[in-house]
Amino acid sequence: MKKIFLLALFSISIFHSSFSQVANDECTGALTLTPSSTCTPTSGTLTGAGTSTLTTACNGYADVFYKFVASSAAVDVTVVPSSTLDAKLSILSACGTSASLVCQDNGGQGGTEKAKVSTLTVGQTYYIKVSSYNSTLSTPTFTICVQNTTRPANDECSAAVTLTPATTPAPFSGTLAGSTRTTVTTSCSGDLDVFYKFVATSTSAVVAVTPSASFNPFVSLFTSCAGSYLACVDNSGTGSVESMYLTNLTLGSTYYLKVASNEPATGIVPAFTIAVQNQTPVAAPANDECAGATTITASTTCTSINATIAGATTSTATSSCVGYNDVFFKFVATSASADITVTPSAGLNPAVSLFSACGGTALYCGNDNYTGYAETIQSNGLVPGNTYYIKVASYDFAPYSSTFSVCVKSVTRPVNDECTGAISLTPSTTCSPVSGTLADASTTTTTTSCGGNYDVFYKFTATSPAVKITVTPTLSTLDLVVGVFSGCGTSSLDCKDNTASNDVEVVDMDGLIIGNTYYIKVQAYSSTVAASTFTICVQNQVSQAPANDECTGAIALTPNTACSSVAGTIYKATTSAVTTGCGGYYDVFYKFVANAPTATVNATGSSEIDMKLSVFSACGGTSLACVDNTYSGETETVQLTGLTAGTTYYIKVSAFSTSPPTSTSTFTVCVISTPATVPVNDECSGAITLTPSTSCNPVTGTSLNATKSTITASSCQTGNSDVFYKFVATSTNAVVTVVGSSGYDAVVSAHSTCGGAYTTCIDNTSNGSTEVLVMTGLTIGNTYYIKVQQYGSSLPATPTFTICVTIPPANDECANAVTLTQSSTCINTTGTFNGATTSAVANGCSGNLDVYYKFVANATTATITADPGADVDVILSVLASCTSTTSLACVDDMISSTTTEVANVTGLTVGGTYYVKIQNYIQEVPSNAAFTVCVKNTVATGLSETNALKSITMFPNPAQGMVHIENVSEVTQIEFMDVTGKPVFVKEITGNSSLDVSSLSAGVYIVKLTMNGVTENRRLVVSK
């Protein structure tokens, strides 16, 4: 402990030495301020300040010091803090003293503090400490000034200015400018005040204070400077007259007036006039004394008579309800109970007392409400035939009005109006409502922390340690309050006032002693009860945690196609150690066995519970989902996917609030799931047979409701929800093509046996694209298996695809090239990419799905033409041999399908064999994968131009800025066209050139080269 304390001191020391960076951090370094007749602000800050050891009544944090030499006995010190600083202000007579002359901490964050002193010694130095109320500082800046001022002569009560009452008094001018706040306080106190006094020359007078514009004064009346105040008024707004009506003055007595206000805003002049105007006293009413009491007839309804206290004196009849200017009434009791109601005018606060005789002791008194509100005495124990007296007085010495009405209503109290007459209730396992009423009930002295009015009592003998007390109003305007007691006259064990009108109040009790009697008080929240009937019941409850309080006791739920709700509660539940990202308190558990890969869990709470809903793979297992999206009385929903049929999953229902749940903290929960129809090929043993063909014959497949097998493709992303296909090899090679729907991203793997390791797999594309899996080295007659699965853990709404198996054409490899015959005309040979693979030898242009042809040259030149089908964009290469790594010609001039590619080759050896490689531009097999190819003799015309064009190089490709054109031997026209054939620009060059393409939009362009009428098209990609 000593080590910790020393460490703390060391830390404080380091903190102070590290951050004490301001010159006036200590009193000895106080900065000098110069007082003047106006406030001249000086900027200051608490940044870097420490907390000094000099303590004052306004201790704070991070203080700084200022000093000034008094040039006036009275000064105002004003500190205006930044919006984030709550400043404290002290004025000291010396550095070493902790007793402050004044300590100011009235304003909050950003609020101005003004300290006023009036007894300074001119020439003496005084010190100012400015500190922060909060220990955490954010922009702790402020301004400070010291302003000389002159206090009004009547700044203190002892120097009150004398006013002379008169019928037409001359207004006396006054001001609060420069005044201070005295310790003489009233409910109308302010920041500034001055004092006046007068000797009463009439029992009735009006004190009128007329303020200047934008000024709002308060006026208070006292019997002496040290006496208690009699009255205060603050009824008018800014710039309006405040009038105090006095009707109970004692002739010859001196009365003191305080005029006050809050600190006025800059520019507001706190000036006013004040006068005391005598009034002609009103004659005392006939019922001014008890002997002249006005008779009221008690009846079963409230039949009011009008009355006034105008002119009334204050009698000697006393009660605990003190008042002024009282009048009297009397009535003959016609029942043992009566309600006496006094309804005042807006400016009167009545104090009402009931006596058994004139001069007797008060039986009851009522002064529970405020000015303008009715007072009711609910009397009991009256003797029918006896006369009783009512005193109505003003609670205030100077009421604003004097009229009221009064009535006496004879009533019959309910039998259970008092605790001793409590009606017995029998607890049971269900709520058995008993009807009750507050009609004509009185308000007893048996209190609860909930308060209330017009109460009745019930009792029950505990047969269980825990009960639920339910009180339900039967009319929409009744707002109930319910309390429970261990006996009549004892303190309440509990009380509830949680709801509003027309709502049920529920009290949950636990720890009761079986066999003991407990008492229930039902009362109205309002003092005015228009509706009074209700029902009440006592229901036995479990006193221990629910059976499913822990995960091991989870209640089983059955998934259904519709929500089949099961009722639950978190009442008495504890908070388990099973945690989720949602947290939660007072949880209970459920479980269900999945019958499909998907399920929906719904939990709907009562109005008393804001739920959190979680789902787990096992007790203490991984949280699969956790939601807290709604509020009390609403439904939380969890959507689950990827479930394994037959597996048990666990549900936790918990509360958002840390407040202990009540018996109304109930909910319903259900699991919705439609048993899925699993695809027949969900497992490898049910694989669907595909027939290899020279063309793609698509078979539609789906992963909907499929499960995830244990057969994985280790080098590809492990997917989800897989299905299987199989085929018998009819060739040593095969191509599997899978085309996904718009949201389906296929992962495809090949296996030599069911459950065997994968031989190859592919996952090159994304949603809605084609995966092409090439299988080589197959054994003809053997069966091979294909697994198709969705990438990732979730399925699209429509997880469909097509699949086919094609066998490569005979000329898929160069060694099996189909023979073409070179002739003077084009003799077309039809070919296809169906089933074709992509060669491993990169000996031509870059492309996909290639097939091979060959011809024997009968001339030194040849023209090879490839004419594609409607969906094919072909690439054409000419090779000297199957093993060549370079091409004699490589043509990919056309950007679109249906456009012919032409390669002109020279320097051939007559009799030599040459190879033609035809490729598809994209990997996917087009729907019309056919094309034609032929070899013919080259026409001599334009041969030199053709060769010259072929020798031109264009780089880089793709290009971003400059494109370089080289090996230009003659005048050449270069034309750029977009993919629609629209010209972009045309330029002639006579030699090597560089073209700036940075202004072109990103995309593919056709570059047309023209030399002496001979043209050649190139493809250029512009990137950004």
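Here the Cβ of each residue, glycine as well, is placed from N, Cα and C on the backbone.
If you look up TrEMBL, you'll see 23-144 (among others) marked as domain 'T9SS-like galactose binding'. Across the residues of the domain 'T9SS-like galactose binding' (23-144), the predicted structure has a mean pLDDT of 89.
Summarising the annotation, TrEMBL assigns domain 'T9SS-like galactose binding' to 153-266 (among others).
Annotation comment: TrEMBL describes 286-404 (among others) as domain 'T9SS-like galactose binding'.
Taking DSSP states H, G and I as helix and E and B as strand, the domain 'T9SS-like galactose binding' (416-536) has 3 helix, 53 strand, 65 coil. Taken from TrEMBL, the feature domain 'T9SS-like galactose binding' covers 416-536 (among others).
For the domain 'T9SS-like galactose binding' (547-668), the DSSP counts in helix, strand and coil order read 3 helix, 52 strand, 67 coil. Annotated domain 'T9SS-like galactose binding' per TrEMBL: 547-668 (among others), in sequence order.
Per TrEMBL, the feature domain 'T9SS-like galactose binding' maps to 681-803 (among others).
Annotation comment: TrEMBL describes 810-932 (among others) as domain 'T9SS-like galactose binding'.
TrEMBL lists 954-1022 with the feature domain 'Secretion system C-terminal sorting'.
Feature annotation from TrEMBL assigns signal peptide to 1-22.
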Secondary structure content of the domain 'T9SS-like galactose binding' (681-803), with strand meaning DSSP E or B:
3 helix, 52 strand, 68 coil
Top partner of the domain 'T9SS-like galactose binding' (153-266) among 23-144, 681-803, 954-1022 - counted as Cβ pairs under 8 Å:
23-144
Using a cut-off of under 8 Å between C-beta atoms, tell me which stretch among 23-144, 547-668, 681-803 contacts the domain 'T9SS-like galactose binding' (416-536) the most.
547-668
Going by DSSP assignments with H, G and I as helix and E and B as strand, what are the residue counts for the domain 'T9SS-like galactose binding' (23-144)?
3 helix, 51 strand, 68 coil
